[in-house]
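Scroll down for the structure; my scribbles are underneath it.
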């Protein structure tokens, strides 16, 4: 019997109907590799192996051993490459699509890593519902929604109740999808002077992420007040106010009311 480790945020999805819904929600992958974070009890992994070759990152050595035993007992049409490694250090050389039931405590960081990685072309993940809603809202309500929609499109697919897991978490989960868009990536990469596209895209993402942290540091305060506290951006406050005037927005706007953060950042970086 496998006991979930609280230290790793383990809640294993066991409900067959939701496992099937996740697999069926995958978009066409060819020619992308499919990468999974977390093997869990192997239920999702085994279903994926009925349709696709798969590479899975798993930090828990006990779960890796259980998965190897299951694969010896169950022959699957496609092969699994099981990597016993922390997914925070995931690095792929070829384009891939990411799928995972992400641990709650580290889900946001793993999604942001995937968004920043030029090799990741999209993702289908399950997180705490509150986190999924932050990523998928269509306006600028928070920094996560701005980041994800600057590089692609995020869609909330369905909710998963606590009863679908073992052990059951205290909150609902949600499955959402992100598909990256090359034109948006090109615009983000153009923020930097880095000559190579993939490096420029990563640098552009990091620059925007850093800027948004300053803008949303105190969401209830005005954008101006937040930037006054930022060592990196306080000297650019006058340019921010100029931009707001050009966009016919009041200087008292909150961060959630800014219409186009990429355009604003481009304006600030001009000189």
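Backbone N, Cα and C define each Cβ position, glycine as well.
All protein chains considered, the CB of residue 13 (S-adenosyl-L-methionine binding site) has 20 other CB atoms within 10 Å. For 11, 13, 38, 58, 86, 101, the entry in Swiss-Prot reads S-adenosyl-L-methionine binding site, with the evidence type sequence analysis.
According to its DSSP assignment, residue 38 (S-adenosyl-L-methionine binding site) is coil.
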